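*Asks:* Got a structure for you, written out below as structure tokens; questions coming shortly.
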């Protein structure tokens, strides 16, 4: 889709998209359509309409039942494309991804020097519409903040090449001592958009040599999903100490985009049979590392944080720890090289060498004269657009063709995705991927195309994991609500306790006027039990089971009401963490909670909020989880189950590609983590403020092998 443009009746987005589906033989087919989304109406045309009065071939209303999922990168007919899926939550036959009928996905491919990516939205635009609207103001909101009050884990130790240098603070380094392979971070400001910087950091083709003086060759070994892949990096030898053998890395790379335009790229060393250690190289171990690119100054600049914790695999008699740190610091100085690159490029980095796939739209780029003509036409057309859209809303509402299924009419012509050639795949062999068809192309856009899916998600209410050996410990009869031990001091592994409410920031009484959040003072409910379960299938509606703490209180006929949060993690087997919150006061005393309990799923999805916090753990996990409040129902599927004395929320973490990646990472580090969470119902009106936490929890050093096995 294109960028938004202003009109008297609101913002409009338009551009070419491909609708994809696959048949029963697994072959992909596609249909190119020109889409326009204005207000709550999505319209489809075979070609770009020449008049605002032209009738669309299909129309649909984007309401609260439509959800949009970012699928990230996908390899389709040997081309890496960016895709997203739109589906209807209340009609399974109108579900674009998981329905039994052929899957349909909206997809775009990008012309050279143009690229898009995002976390919450799928893909993106190809034919950009020029307008006078400042896109940076539309895309970028306030820089990513934290809803948790916590001390910084970083301590500055110097400044080098205009970069501030930090080391990760440890409890034992009060005297300034350094640990073995301690994490080090460089922070600098780059004159470029977060989108362009992200593109540059992800690129592994020869253009990387314009700023990365450490990496000699790079390749994609395997593509796991739209947000995760496996890359191999070979380092130059000339910047390493004399006599030190050449080093390489085999890294699992994960990326995502935050709502405010921040990009997070995470790396971790892994072993993979497709890329064993190579002769002549010593494989270094990156314990954790990555980049955080946060837009500032309305997106014109970005704060780039680069962190590395590296074990260089050297003989300690040969290379002292101080020298090993110097190598890591030298590698972090690439942020300064990146900064200088963008200075020479005038704030953007558009080169042929970063090309990904060629644009598959039929419209050539506009020259300067054409741009002026388009801008003049846009200003004259905006007046008539308002009435056209109003008429379209009435037509679509009166029509039976209001669902997404209508965009996939069998009468429409389909054709295969063309196998375009690209200079990207003709780069020198030393830069080629081991799997050419899966190498990730990276091109640039003048503005982030993430606005499309962000727009769809604003209109609507937004949808593999690790494998562990299943043991038999804890199997048998399950008393739900008691399988995870309580430890108020959090000294015991695999235990739970309530977190301090004052750690979390919530909307205060004056939030609607000053946007200020305040410390939470208390919780509405008490955490009375927790479960840590393992099963070969999803375990829903735990509260209804006879051997549960909920039914035990129900049998007594008391006033207690339970709010149960069942977090279901993907994988084989599946893991579930259930938290049981209880209150003894009547629901009527808390109107917002009562509205949530008795409301419909659409209302609940728009209000249920989680604030996560990793208080102890690796930097890579802290960055993947974050510390910002999120509306869970807009990103994940939640099944709400209302019982006599309870409301249970079964949260399917596997319903989101991004969440699956985070869950896999967290499960891998689970034994070394202390995870704290707060739950609340978002207050949107003055009567609903200040917010009150429903409850908090702290889980300490969880162990997958100690989960209670359900048979």
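Each residue, glycine too, has its Cβ placed from N, Cα and C.
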*Asks:* Given 332-359, 360-387, 388-415, which one carries TrEMBL's region 'Disordered' label?
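*Replies:* Going through 332-359, 360-387, 388-415 one by one, TrEMBL flags 360-387 as region 'Disordered'.
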*Asks:* With TrEMBL as the source, which of 93-122, 123-152, 153-182 is set down as region 'Disordered'?
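*Replies:* So the range that TrEMBL calls region 'Disordered' is 93-122.
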*Asks:* Summarise the model's confidence over the domain 'START' (154-327) as a mean pLDDT value.
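*Replies:* Taking every residue of the domain 'START' (154-327) together, the mean pLDDT is 87.
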